Amino acid sequence: MGLTSQLIPALVCLLVCTSHFVHGHKCDITLEEIIKTLNILTSRKNSCMELPVADVFAAPKNATEKETFCRAGIELRRIYRSHMCLNKFLGGLDRNLSSLASKTCSVNEAKTSTSTLRDLLERLKTIMREKYSKC
């Protein structure tokens, strides 16, 4: 009985430590995957990289990071669904971004300035690297 009473606190401690490790590590894996995909995409010489996209970073100052990621996902979806280029990479990036994004957002193209897909991906890569350095 004495050994069991000593093991219970140790097991609880291990369980708590493991859960903290797993939750922190999930953030790292998703961000690592996003950054890896962004590195691959931005190094490509592809005509799709010059396609016009809404400048999702020109949003109001009160926009949250999650809303910005949501808008970026909308633009990525628009590109890979309508232009049939870089689908594998843009689709994967969209899926990973959706795990970091809010569920609903809007991109009002009439009021939004435009940029290129390359610029969007480069800015997104910078943001993700900063986020990863804090994770």
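Glycine is treated like the rest: Cβ placed from N, Cα and C.
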Handout entry: Recorded disulfide partner - Cys48, candidates Cys13, Cys17, Cys85, source Swiss-Prot
Key = Cys85
Exercise for the section: Please work out, from what Swiss-Prot records, which of Cys70, Cys135 forms the disulfide with Cys105. Expected result: Cys70
Completion exercise
Cys48 (disulfide bond) sits from Asn62 (N-linked glycosylation site) (Cα to Cα, rounded, in Å) at a distance of 31
Practice task
Would you mind checking how many other C-beta atoms are within 10 angstroms of the C-beta on Cys70 (disulfide bond)?
Solution key: 22
